[in-house]
Amino acid sequence: MAKRPLQTEANVERLPSELKRRKKKNSLKVTPGTVIGQNSKSRRNVPGMDDGNDKRASDSRYLPTPELSALPQSTIDEYLSSNSIHIADPSTDPSLRPITSFSFLPESSNDLYLPLEKFSSPTPIQAVSWPLAFAGRDLIGVAETGSGKTLAFGLPCLRRVLELNNSETSCKPCALIITPTRELAVQIYDQLLRFSSAVDVGIACIYGGSPKDHQRREIRNASVVIATPGRLKDFQADQTINLSGVKYLVLDEADRMLDKGFEQDIQDIVKGIPSTQKRQTIMFTATWPIGVRNLAASFTKNPVTVTIGDSSDIRANKRIKQMVEVLQPYEKDSRLLELLRRYQDGGKNNHRILVFCLYKKEAMRVERFIGSKGFKVAGIHGDMSQTERFRSLEAFKSGSISLLVATDVAARGLDIPAVKLVLNVTFPLTIEDYVHRIGRTGRAGAEGLAITLFTERDKALSGPLINVLRAADQDVPESLLKFGATVKKKQHESYGAFFREMDTTKVASRIKFED
């Protein structure tokens, strides 16, 4: 079976008319806690989900369509294999029936699915996540950026809100989505607004750097709140928001939130939310380090872990062609101009170039330098106001500006369509940030190009970079190999190289002593 296409507007097929007709009243009559496995022709209950004390179980309704149930198991297995999908489920048989077509979505008595018309088929992370999330299971998704994670958690979120009765929705919000940056929060809001407006579900977006009064008004009638940790904590502290009614919690970009030091903030926020017995928790992350595993263990109950690809090491999207040029620092400006002139094509919408710098001052200098050479360019970095940053992003997305100079503030989560080239003027501080930077291109099944200007100052990261290139089947230049392919062991800030990371989620082995 060929690999399923990703969501793109280039390979559009209209939704089947059968899906559009799904507006039957009371069509969600199904048994809670259902996951579909091998040889399943009907629903089966998930162990642990029908606990009488688990109030969320009675709210979770999912039954696969007859068409999905009728698919041969060999077809399902081939889909999982061809898309490198791995499932780890502590409660049940890990096999399942992914929703590989929009026509396999569970019936709905409203217009929730209509905005899907512009897409051809679910992405792999959506196909596998939806049946689990619809069934009320806690879920951890590990997938590359640009894989369609927003709808993977967003569609079940809205469907869950619609399933709740009036008494359960009276305490708002019913669903909370936490994300590390305001740009990503706004992006999630924009994507979900198309679906929520079709079914009259109120959503709000709260983040720092914007007036609080307006956001306070927005969240009063919002069933779904999308928030950054800092502003959410502020609103909790002044009792603007009450999270005691949250039944659906999403932690998006969990690894990035840990990188930015938000772990304690998240711990504090979750204290005001119902326990795992009464809520469903979804986590998405691009990487799966020990810290994220420990966070997942403390916030979820018997979660299913879905991994797209190999999460053991950080890996770059193989659809992105990576080129590394080793040069002297003083050669960067002239080489930058050569590359821009080669790949810039009249500012067309499909020729956007994203230029990354490490520091704010450098980004401002590079932006001025590029602008002085006649290019239309905008910038985004930490010294800019919220309004200025959004203005730059919107200009870049719309195509009125085809060059954007950014620091790593824009490197994660932002879905900017049709970025032709990512150009790293300076190498980031970590190999993870490198992978996240270049992930701005090659999104949603498209091909991409990333060019990195590498100097001797960056040689400490030559080993990890070489590993990423090789893992993605990319050419490794000899000039890079001369710096060495050794990967240095990460050091703890207090204990140095003697520190050993431990996976605290593992159960200790039982030792039996003879009498």
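FYI, residue positions are counted from 1 along the chain as it appears here.
Each Cβ is built from the backbone N, Cα and C atoms, and glycine gets one as well.
Residue ranges 100-127, 212-239, 296-323, 324-351 are listed, and Swiss-Prot annotates 100-127 among them as motif 'Q motif'.
In the predicted model, residues of the domain 'Helicase ATP-binding' (130-306) average a pLDDT of 90. Under DSSP, the residues of the domain 'Helicase C-terminal' (335-484) split into helix, strand and coil as follows: 66 helix, 26 strand, 58 coil.
Packing against the motif 'DEAD box' (252-255) from elsewhere in the chain are residues 149-150, 153, 177-181, 184, 188, 283-289, 291-292, 295-296, 412-413, 432: each is 6 or more residues past its ends and has a CB under 8 Å from a CB in it.
In this view, GLU144 (ATP binding site) is surrounded by 23 other Cβ atoms within 10 Å of its Cβ, with every protein chain counted.
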